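*Asks:* The structure under discussion is supplied below as structure tokens; questions concerning it will follow.
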């Protein structure tokens with residue numbers, strides 16, 4: 001006689017948890033892809049999906065469903081949302097995102113800001129199989145400069161990640177968990193000073209990858225904000241807004257958003273207020289100011305640009321004001337993550 005099949009309580013609990021998470025993903029998917037959903041809610045849904053994708057095993061049903069849900073958002077007409085989708089996919093450390101990102105990069109009719117973010121995300125994922133497509137668009141005649149430069153960085157990052165250089169280098173411990181377009185400058189026997197890193201940051205004779213490394217080294221010297229090097233590092237970074245590369249300038253604004261240091265407010269305000277500045281820089285400056293929303297005068301500055309001529313700037317201000325409200329609230333997590341799943 002065949003013994004009856006039994007299911008252990010632990011496997012039943014796992015199945016129930018998986019089902020609950022998949023149901024949550026479906027709800028978040030709906031919020032993310034519904035154009036009538038307020039943009040801040042869609043962003044919070046996106047960050048929740050990124051959390052699920054990054055905190056579950058890469059081949060799990062939950063992680064794959066979350067990545068599929070994020071990628072479904074690429075059908076949106078919002079360049080701001082699509083570029084954020086690409087960034088989030090690059091932060092998942094999951095190769096399942098690569099086909100979606102490759103498709104965005106290869107779509108020459110797509111907004112250059114989205115394609116740049118897709119290339120950067122491929123670099124963050126670090127798969128050598130992506131080198132071919134990245135080199136193709138790095139070298140493509142007539143390509144948008146922002147895409148060319150990003151592909152150059154992504155190729156260098158993947159080669160560094162998979163080469164001997166990474167193994168031999170000693171990197172300063174960072175307060176930031178993000179996978180960046182370049183690692184910080186490696187530490188030598190003596191740590192480089194803010195002045196030395198600032199000089200490297202602005203040295204246009206250096207490869208872009210090395211300048212980015214100086215940028216992220218300066219970022220790490222500015223956190224926590226009470227470090228003696230923090231304000232000097234922020235001021236050194238702010239000089240990067242004078243660079244000729246819009247990609248470089250936008251990355252300075254992104255770093256300021258990570259740092260949320262009050263000393264960056266004047267430079268960010270100037271970048272946002274300059275209507276001659278590239279929209280990808282202004283939008284990043286707006287979002288960075290959103291991370292400083294509890295500082296005096298920041299919300300008033302942002303509200304001035306709610307009706308900006310550039311859609312990506314207008315939308316960024318909406319999201320930034322939502323972030324500012326979060327900064328002033330008692331909420332512990334910006335994303336819409338159910339309590340049962342924990343927080344990042």
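Placed from the backbone N, Cα and C atoms, the Cβ positions cover glycine too.
Sharing the feature lines straight out of Swiss-Prot:
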type    : residues           : note
BINDING : 83, 84, 116, 117   : Fe cation 1 binding site
BINDING : 250, 251, 283, 284 : Fe cation 2 binding site
REGION  : 169-188            : region 'Disordered'
REPEAT  : 81-107             : repeat 'HEAT-like PBS-type 1'
REPEAT  : 115-140            : repeat 'HEAT-like PBS-type 2'
REPEAT  : 210-240            : repeat 'HEAT-like PBS-type 3'
REPEAT  : 248-274            : repeat 'HEAT-like PBS-type 4'
REPEAT  : 281-308            : repeat 'HEAT-like PBS-type 5'
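Describe the structural surroundings of these features, if you would.
*Replies:* All protein chains included, residue 84 (Fe cation 1 binding site) registers 23 other Cβ atoms within 10 Å of its own Cβ.
Sequence-distant contacts of residue 284 (Fe cation 2 binding site), defined by Cβ-Cβ distance under 8 angstroms and a gap of at least six in the same chain, are 250, 253, 254, 257, 316.
For the repeat 'HEAT-like PBS-type 1' (81-107), same-chain residues at least 6 beyond its ends with a Cβ under 8 Å from one of its own Cβ atoms are 39, 42-43, 46-47, 49-50, 53-54, 58, 63-64, 66-67, 70-71, 73-74, 113-125, 127, 129-130, 133-134, 137, 147, 178-179, 315.
Helix first, then strand, then coil: DSSP counts for the repeat 'HEAT-like PBS-type 2' (115-140) stand at 22 helix, 0 strand, 4 coil.
For the repeat 'HEAT-like PBS-type 3' (210-240), residue counts in helix, strand and coil come to 23 helix, 0 strand, 8 coil, using DSSP.
Outside the repeat 'HEAT-like PBS-type 4' (248-274), and at least 6 residues removed from its termini, the chain residues within Cβ reach (under 8 Å) are 149, 176, 178, 181, 208, 211-212, 215-216, 218-219, 222-223, 225, 230-231, 234-235, 237-238, 240-241, 280-282, 284-292, 295, 297-298, 301-302, 304-305, 313.
Tertiary proximity for the repeat 'HEAT-like PBS-type 5' (281-308) is limited to same-chain residues at least six positions away from its ends with a CB under 8 Å from its CB atoms, namely 80, 241, 246, 249-250, 253-254, 256-258, 260, 262, 264-265, 268-269, 271-275, 314-328.
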*Asks:* Taking the Cβ of residue 283 (Fe cation 2 binding site) as reference, which residues of that chain separated by at least 6 in sequence fall under 8 Å from it?
*Replies:* 80, 310, 312, 313, 315, 316
*Asks:* Other residues with Cβ within 8 Å of the Cβ centroid of 83, 84, 116, 117 at the Fe cation 1 site?
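*Replies:* Everything else in range on the chain: 79, 82, 85, 86, 87, 113, 114, 118, 120, 121.
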*Asks:* Let's see if you can do this one: DSSP helix, strand and coil counts over the region 'Disordered' (169-188), in that order.
*Replies:* 0 helix, 0 strand, 20 coil
